[in-house]
Structures are given as structure tokens and as C-alpha cells.
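Contents: one structure, followed by commentary.
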């Protein structure tokens, strides 16, 4: 099997279609923001608040630090080798064929599940306006629209995601500003007060146990940041754009998440936040700001579609990279004249379309089930990034090479992140809603190992 960079060169020399470097720095930053700011913030935050109370703010801070360390590790590798397949390429090259096979297919499955979760959430948001229309109809409609956009070319995808993400970012800034105005102008109602952060049982209202358990749900909110690595093969000037994206994206995510949460928890008592709807829409609806609530619901809908849009992009590129490595069927390397990995895109879409059936059969449980499965696969992906980076740095040291964009706290940071992610996985085993996904993870790894061995024998 050839590595990704070698095959890319061979393909180019034969003048066959390859992935186009059509993404600028602004695209990359907002693609990563678009992949992370979505249902995890607007819908998934409800269960986290119920578990941790106001201390959920601390939970997001801790998870954000871990996410930043891992993204710096990924960023260091990507700047040195900006190839298709991202961390699956590095796992393959520096750990071995099975590590690349495991990383790539696990990431692909994760973003298929993310896509299903976001389409499910989009259907839930649409029920705010059309309560009688089932979620599966909306999931099917948005599935068709987003995949059609991605079939055109990477530049159109980048522009679409840029505007999707920009709408989200501006809306979050506006929501924080409007919330602060409501809070300090007296227009936020009788319940609005900064005292809400400690009035109902204190800041650690559910104790340290509640805070620690909430981390399993909080991790869902940070999934998608690794899209920075996926964009590398189509980034213009990756040596400059990737470091900027890595450094700025995590800061902005933390600002948006923690800023939004402070406003949310101050405007409304955390004990009244529900887990089955968007807390943000609920608060403005209860404040009789129906116009604002509808506008915010529209933004939240865009947020979900944005994350799914990012997932369609990343999944097709990951499959392309797997095929280049020899870890997926060769027909998936086919690239259209416009630079779109067409067969990879179509296969990913075909599997994601099962979300329509899931929402039809399990309309009330679909989102919770999908979120738990996403968290389990996300933990494995990030652990593989940390492990691949350890081998990458060892290889650089043997070659006497100095990297341009160094990860922080190496190697202690790698082991810290692995221990943290392992702790989250153990916590999931104690939670009724997440236990199944944690148990299925080792089964999934064994299945992939057997599939890998079978393919190698053939």
C-alpha cells in the first residue's frame, strides 16, 4: 500500500483529477467553527446543565483545554504533511496499517453519526414552527439539499460553510449582547439575575460528581474541531493557514460557549432548563420574545445544517484518503473534474440517509442514541491523534528535523489528554444513556480488526 502523499503525486503526474487546493484561511477557520458550533451547544447543552448546574461553565473550560492540546498536536503533524486523510494518514504512517485503518474508518463512522444527529436536531428545530410535521420528513429534505451543494465543488462548499458559520458566529455574539442587555436593563423578567449562578444550591449545585459526569456530554460539543486536519489537503498555504486556524478556533469556541452559557444561566434558573429542547429558544420564548425566539431558532437550524455540511465534506475526504492508502475500495479514489471525490461522497450519503428510517422508527429517542454513539467514537479518534503524535515526534527526532508548529507540553500533554479521554469513557459506563455506546466501542474495534485482517489476506 502506498501512503497518501505518494499516491497524490502519482495521480497528479498522470494528469488525473485530484483534490483542489481551493480553501483559504477564512474558509478553514469557519469550517472548524462550523463543525463544532452546532447541536452540542444549542441542544446538547441542556443535559449537561441538568447534570452539573452552573459548574457546567468549569466543565467547558476543562474540556476546552484538552481540546486545544489535541488540536495543537494535530496541527503540528498537518503543517509538516498537509495530505488527504488527516490523522488517519499519520496513524497509518507512524503506527502501522491497522492504526490507519482504525482511525480512518472510525472517523468516517463518527461523522456519519454526527450527520444523523444534526439532521435529527434540524427536524426537532423545525417542529418549533411546524409541530405536526414529523422529524423524518425534515431530515430527508435537508439531506437532499446539503448533499446537492457538496456535489458541485470544494470552493462552493467552502463558501457555503463560510456563510453558514458566519451566520452562527454573528448570531451568538448578538445573542450574548442581547442577553446582557436584558440582564442589566431589567427587561429580562423577574427571574433574570446574575445570582442565578449560585442561588439554587450554589455554583457546584450537584457536587463534583455531577460536574465530572457532565464532561461526557460536554465532549459532544467539541467534536468537529479536528476538521482543521481534514482541510489540509485542500488548503492554500497550509503552513500559515493551519496554525492560525488551530490557535484562533479553540479560543473562539470557548468564548462563544462560556459566554453563551453565562448569559443563559443568568437569565433563567438552571433548575428549570429542560433537556429535550433548545434552552436558548425556550428562554426567549418564555420571556415573551417570540420574534427573537423564532430568529434564534432559525440560527440554531442553520447551525445544525452547517455541522452536517462540514460532515459531508469531511467524510468524503476521509474515505478518499482511506482508498488512497489501500484501506478502502479503489473506486472511492475517483475525483470529478471539479475536484470532488464523487464516489466517496455518494457512499457516505447513502449510509447517512438511514437517519430518515431511524427518525421514523424512534422519533423520541433518536437524538440521544446518536449523541452517545458520537461521543464514544470521538474519544477513540482523539486518543488516536494523541498516540499518532507521539510516534510522529519520535520519527522527527530520529530524522533530526525541527517541526514548524510545535504542540504544547509534549509529551506530558499527550498522556494527560489520553488519561482524560479514558476517564470519560469509564464515566460513560456508569451512565444509563451512554453505557451501551461505551460497551459497543471495544466491540467496534474488534470488528474493524477482523475486517482489516480479512482484507489483508485477500
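Cβ coordinates come from backbone N, Cα and C, glycine included.
From a predicted model like this one, the values you see are computed outputs, not experimental measurements.
Record features, source Swiss-Prot:
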TOPO_DOM  1-27  topological domain 'Cytoplasmic'
TRANSMEM  28-48  transmembrane segment
TRANSMEM  51-71  transmembrane segment
TOPO_DOM  72-105  topological domain 'Cytoplasmic'
TRANSMEM  106-126  transmembrane segment
TOPO_DOM  127-132  topological domain 'Periplasmic'
TRANSMEM  133-153  transmembrane segment
TOPO_DOM  154-160  topological domain 'Cytoplasmic'
TRANSMEM  161-181  transmembrane segment
TOPO_DOM  182-196  topological domain 'Periplasmic'
TRANSMEM  197-217  transmembrane segment
TOPO_DOM  218-250  topological domain 'Cytoplasmic'
TRANSMEM  251-271  transmembrane segment
TOPO_DOM  272-288  topological domain 'Periplasmic'
TRANSMEM  289-309  transmembrane segment
TOPO_DOM  310-341  topological domain 'Cytoplasmic'
TRANSMEM  342-362  transmembrane segment
TOPO_DOM  363-367  topological domain 'Periplasmic'
TRANSMEM  368-388  transmembrane segment
TOPO_DOM  389-411  topological domain 'Cytoplasmic'
TRANSMEM  412-432  transmembrane segment
TRANSMEM  435-455  transmembrane segment
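By the Cβ criterion (under 8 Å, sequence separation of 6 or more), the transmembrane segment (368-388) is not in contact with the transmembrane segment (289-309), since fewer than 3 such pairs are found. In terms of C-beta pairs under 8 Å, the stretch of 106-126, 197-217, 342-362 lying closest in packing to the transmembrane segment (133-153) is 342-362.
For the topological domain 'Cytoplasmic' (154-160), the predicted model reports an average pLDDT of 64.
In this chain, the transmembrane segment (342-362) lies out of contact with the transmembrane segment (197-217); the count of Cβ pairs under 8 Å, excluding pairs fewer than 6 apart in sequence, is fewer than 3. Among the listed stretches 161-181, 342-362, 412-432, the one sharing the most Cβ pairs under 8 Å with the transmembrane segment (289-309) is 161-181. Long-range contacts of the topological domain 'Cytoplasmic' (72-105) within the same chain: residues 1, 3-5, 8, 19, 226, 228-230, 232-233, 235, 238-239, 242-243, 245-246, 317-322, 324-325, 327-328, 380-381, 384-389, 391-396, 403-408, 410, 413-414, 417, 445, 448-449, 452, 456, each at least 6 residues beyond the stretch ends and with a Cβ under 8 Å from a Cβ of the stretch.
Beyond the ends of the topological domain 'Periplasmic' (127-132), by six or more residues, the same chain brings 281, 294, 297 to within a C-beta distance below 8 angstroms of the stretch. The topological domain 'Periplasmic' (127-132): residue composition by secondary structure is 0 helix, 0 strand, 6 coil, according to DSSP.
DSSP labels the residues of the topological domain 'Periplasmic' (363-367) in these numbers: 2 helix, 0 strand, 3 coil. Using DSSP to sort the residues of the topological domain 'Periplasmic' (182-196) gives these counts of helix, strand and coil: 7 helix, 0 strand, 8 coil.
Across the topological domain 'Cytoplasmic' (72-105), the DSSP tally of helix, strand and coil residues reads 27 helix, 0 strand, 7 coil.
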